[in-house]
Amino acid sequence: MLTNGSQTERIEAGTGKMPRHVAIIMDGNGRWAKKRMLPRAMGHKRGVETVRKIVRAAGELGLETLTLYAFSSENWKRPEDEINDLMGLMREFIKSDLDEFAANDVRLKIIGNYKALAPDIVEMLEESIARTSQNTRTTLAVALNYGAQDELVRAARSAAAQGEITVESIEANLDTAGLPPLDLLIRTSGEQRLSNFMLWQAAYAEFWFTDTLWPDFSKDELAQALTEFSTRERRYGGR
Ligand code: IPE
Ligand code: IPE
Ligand code: MG
């Protein structure tokens, strides 16, 4: 079981100004493997282990919502064998970690057009979402077959079908509806771009970049990002 996050951890994470919602673009699995002359699949495998660690860490650090970019709507451009590896890891992850989510009060949410994934994955995801729906400690939102432009088009269509298009009506139809506003966006591996991730939600998010490749990302580094977040002054266009 997770503890409620020790006092020290809370202070490390910057007392008072903890982000409610952190999203991570988990990048660099391929380069991690390449550096070690390993197949890319090994990088993805290690990447999943980091996901496990960071989901635990999020609970321990007292984060309310963690969103992880796992597969983009553009990642279908990759070779078929890599896509198969990634989908295989996804199946394994859901199977092996669902019990832990249930035990640690983690609620699973999926953003992105996940219904277009293989039927067995869709079924597993929907079961997991249902099984964890009453959990309240941490929400883990996994972005699967996610592209922000696609999300916005779907949201705008639904909003239009319901009536007027406004900021509120679009927001209410985004995949992230119901989640707290995005406070902090982290990207690993040294790339400094959004790659079609949470374009709308990032409007007033703070950004934090690290050269660390995703398989090497750690709880300490997450805590460091939270500490730095606590020193940022957010103005939202005001004075
Ligand atoms: C991130 O690692 C994982 C996914 C995009 C699925 P990459 O596979 O993009 O790793 P690099 O960027 O090639 O190092
Ligand atoms: C973004 O990483 C997508 C995920 C982390 C799932 P990519 O590696 O696909 O992004 P680009 O191609 O470098 O922009
Ligand atoms: Mg990449």
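Glycine is no exception: its Cβ is also placed from the backbone N, Cα and C atoms.
Unlike curated entries, TrEMBL annotations are predicted automatically.
Keep in mind the model is a prediction, meaning the values are calculated, not measured.
Taken from TrEMBL, the feature active site covers Asp27. Under the DSSP three-state reduction, Asp27 (active site) is assigned to coil, being neither helix nor strand. The Cβ of Asp27 (active site) lies under 8 Å from the Cβ of Arg187, Thr188, Ser189, Glu191, Ser195, Leu213, Trp214, each of which sits 6+ residues away along the same chain.
Asn75 (active site, proton acceptor) carries a helical DSSP state (H, G or I). For Asn75 (active site, proton acceptor), the number of other Cβ atoms no farther than 10 Å from its own Cβ, over all displayed protein chains, is 17. For Asn75, the entry in TrEMBL reads active site, proton acceptor.
The feature Mg(2+) binding site is assigned by TrEMBL to Asp27, Glu206. Under a cutoff of 8 A between CB atoms, and with a sequence separation of 6+ in the same chain, the neighbours of Glu206 (Mg(2+) binding site) are Pro19, Asp183, Leu184, Leu185, Phe229, Arg232, Arg234. According to DSSP, Glu206 (Mg(2+) binding site) is assigned to a strand segment.
The substrate binding site feature in TrEMBL is assigned to 28-32, Arg40, His44, 72-74, Trp76, Arg78, Arg187, 193-195.
Only Asp27, Gly30, in sequence order, out of the recorded positions Asp27, Gly30, Trp76, Arg187, Leu194, Glu206 have a CB under 6 Å from ligand 1. Residues Asp27, taken from the recorded positions Asp27, Gly28, Gly30, His44, Glu206, are distinguished by a CB atom under 6 angstroms from ligand 2. When the alpha carbons of Leu194 (substrate binding site) and Asn75 (active site, proton acceptor) are compared, the span between them is 14 angstrom. Asn75 (active site, proton acceptor) and Gly28 (substrate binding site) are 14 Å apart (CA-CA, integer value). Asn75 (active site, proton acceptor) and Gly30 (substrate binding site) are 13 Å apart (CA-CA, integer value). Each of the binding-site residues Trp32, Trp76 was scored by the number of other CB atoms within 10 Å of its CB, and the largest score is that of Trp32.
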